[in-house]
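Right, one structure below, let's go through it.
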There are 2 protein chains.
Amino acid sequence: MGEFELIRNFFAAAPCAQGGEGVALGIGDDCALLDVPFGEQLAISTDTLVAGVHFADPCDPFLLGQRSLAVAASDLAAMGATPVAFTLALTLPTFDAEWLQTYARGLNLMAQTCGLRLIGGDTTRGPLCLTLTVFGRVPTGHALTRSGARPGDLLCVGGELGNAAGALPLVLGQRTAASMIGEPLLAHYWSPQPQLALGQALRGKATSALDISDGLLADCGHIAAASKVGLAIELDRVPVSLALEEFLGEAGAQQAALSGGDDYVLAFTLPEVEVPTLLADGWPIHVIGRVVEGQGVTLLDDEGLDITPAVHGYQHFRA
Amino acid sequence: MGEFELIRNFFAAAPCAQGGEGVALGIGDDCALLDVPFGEQLAISTDTLVAGVHFADPCDPFLLGQRSLAVAASDLAAMGATPVAFTLALTLPTFDAEWLQTYARGLNLMAQTCGLRLIGGDTTRGPLCLTLTVFGRVPTGHALTRSGARPGDLLCVGGELGNAAGALPLVLGQRTAASMIGEPLLAHYWSPQPQLALGQALRGKATSALDISDGLLADCGHIAAASKVGLAIELDRVPVSLALEEFLGEAGAQQAALSGGDDYVLAFTLPEVEVPTLLADGWPIHVIGRVVEGQGVTLLDDEGLDITPAVHGYQHFRA
C-alpha cells in the first residue's frame, strides 16, 4: 500500500475530505485547491508536535488526534477566522494500522467539531512528529491581530486558565488524582476546545487577540510588544477552576494559570464599552486587567503592588 | 531568544517575508493572511523531509535549504500555479546558529528563484525534520490535475530524468565521479529547479500533469489511475543526460530515469496539436509516449514489445 492509499484509507472518514464549502479539490493531487470568496482573506497557521517534547511517547493516539488538530485550530480562533480546511504531515516510525486508525478517529472528531476538512498532507517514515497547517476565512481587514491594543482597553481571557498545565503531572504519570479532579484537567489537556465562535464574535470588537499556548504572561507579552503598550494584570481576577485549586492549592493554581502552557484559551483586548454586550450574549469572558501606556506585562496583587515574576513561559530554544 | 525571534532573525532575509504581492500579513501573528484575487483559487501542497530518510544526516544545510523548498514548490509547478508564499515547520535537535543561518541562506535563495515568500511556521526541538507548505494562485478551474488525460493525448516530460537518482551514490559517499559528471548530477539532486514557468505555460493546454518525485513509472501510474486511462511509454524516447549515461551506463541510466525518484520534472499529457507551439516557444518538452484506452503504465521497447517491470517507484510504507 502506497502513502496515497494510506492517507486515503485512514482519513477517509474525515468530514468532506474530498470537497466541501470552500474546498475545490481535496486529497490526491499535487495540490489541494481552495476557493476564497471575494472580500475575504485566507488565514494560515502551522503547528508541529514532536513525540517526547509536546506529548508523551507512547500516548493514546485517539487523544493525540484530537489534541493535534485543536492546537492548530486555536490559531484560527485567535484571528477570528472561520475554519475551512487543514493539511496533515505525519511522520511515523512504523506503519501501524491500529495506531493510524485510532489517531484518525480522534482527528476526525475534532475536525468535525471545528468544521475543518482534511485536504492533503504527507506521510513519511521517521521519528513520530506531526505538522498540521490550518486554513480559515476572514473578512478582509477584520482579522484579529496582536498589534491593535490601545491604552484604556480592557484585557480579557475566554475562560479558566492553567488546567492543561495542571494536568501535566497526571499525563506524565507523576501524580494521581481523584477522577472528579483529574478528569476535567485531563480533558483540557487532551481535548482543548478552540474558541472559534468566540474569536468570530470578537471581530470588529477586540483590538488585539491571541490564543494562550505558552502561558498567560508570556503570551500577553506578545500583545504588549506587537501593540507597543503595557498590560497590567490583576492576579486575583485571573480565573482558575475549582479542580485546579483542589489539585495544586491556590498558589500552585495561580502559577499554572500565569505560566503554564497549553491553555488554548483566547486572550484579547477591547474597549470597556464592548464588555457588557459580550457578557449579556453569554460569552465566557473574564476581565483580568487593562492596557496601559508603557511596555511589557505587569502583574499586580490585590493592593495594586507589582509582583511580576522575572521569567515567564516556555520556549523551545534559549540562546 | 524565543522561537519567534529565532525564526525572524534567521529567515529575515527571505524575500518580502513581511508582506508582498498577495501576502497581507506575514510572520509574527497567530496566522498569516493571504489575499486571493477574484477569479483565482489557492493551490496548497505540503512536503516533509526527514533526516536519514529523505536526506543524509549530517548534510550541507545550504543545499538542504535549497532542496527542501524546491521539492515543495515543484507541486505548484505541477498544478500550473503561480507561486505566492510558504510556511516552514522546522524541527531541530539543538539550537545551532550557524546551521540555521546557512540553511536560511539556501532557503532564501530558492525562495527568490521561485518567487515564494516565507509567511510563517513553527520551530520545535526534536529529531531533524522539515515540513514546508507552499501556496500558489491559479485561475479558477484552470489548475492542472492528474485526472484529465484522454486516449490519443501525447505523454510528455519537461526534461531529462534520472539525474537525481544517479547522484544518490555520490550524495551517500558510496561512489565518486569526475567533476564533469558528478557536478551536474549533484546539482539536480541538491538544487532541483521546479518547472514553475512550464507549469503555467501548460494551463489550458495539458489535460493532466504532475511532478515526477517517485519515479517516472510510478508517477505516470498516478495519472493513469486518476484519469482512468492507460499510458504507453517508449523506452527509447525517455530523455537521459550524457552525464548519467557516462556514470551508470545506458541500462543503468534508463533504470534511474524510469524508477529513480527526486526528478521534480513535470510529466503531462496533452493533445498532439499543442506540441509544435510549445516546442517552437522553446519549452524543453519531450514526447515519451501516448495515452491509450485501458489502465496502468506499459513500457515498450523499440519494437513495440511490452517490457514493463513488475514494481516501480519508492514508497515510504508497504503494507
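Glycine too: its Cβ is placed from the backbone N, Cα and C atoms.
Curation plays no part in TrEMBL annotations; they are all automatic predictions.
Features of the protein shown, as given by TrEMBL:
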BINDING   A:Asp30, A:Ser45, A:Asp75  Mg(2+) 4 binding site
BINDING   A:Asp30, A:Asp75, A:Asp211  Mg(2+) 3 binding site
BINDING   A:Thr46, A:Asp47, A:Asp122  Mg(2+) 1 binding site
BINDING   A:Asp47, A:Asp75  Mg(2+) 2 binding site
BINDING   A:His54, A:Asp262, A:Tyr314  substrate binding site
BINDING   A:Gly121, A:Asp122, A:Arg146, A:Ser213  ATP binding site
BINDING   A:Asp214  Mg(2+) 5 binding site
DOMAIN    A:28-138  domain 'PurM-like N-terminal'
DOMAIN    A:150-299  domain 'PurM-like C-terminal'
Distance [Cα-Cα, Å, rounded] between A:Thr46 (Mg(2+) 1 binding site) and A:Arg146 (ATP binding site): 17
Distance from A:Asp262 (substrate binding site) back to A:Asp122 (Mg(2+) 1 binding site), taken between C-alpha atoms, in Å: 26
In three-state DSSP terms, the structure that A:Asp75 (Mg(2+) 4 binding site) belongs to: helix
Cα-nearest neighbour of A:His54 (substrate binding site) within the listed binding-site residues, A:Arg146, A:Asp211, A:Ser213: A:Ser213
Binding-site residues clustered about A:Asp47 (Mg(2+) 1 binding site) [Cα within 10 Å; pool: A:Asp75, A:Gly121, A:Asp262]: A:Asp75
Candidate binding-site residues A:Ser45, A:Gly121, A:Asp262, pick with smallest Cα gap to A:Asp214 (Mg(2+) 5 binding site): A:Asp262
A:Asp30 (Mg(2+) 4 binding site) versus binding-site residues A:Gly121, A:Arg146, A:Asp211, A:Ser213, A:Asp262 - nearest by Cα: A:Gly121
Around the Cβ of A:Asp122 (Mg(2+) 1 binding site), the count of other Cβ atoms that are within 10 Å: 22
For the domain 'PurM-like N-terminal' (A:28-138), the mean pLDDT of the predicted model: 94
Per DSSP, three-state class assigned to A:His54 (substrate binding site): coil
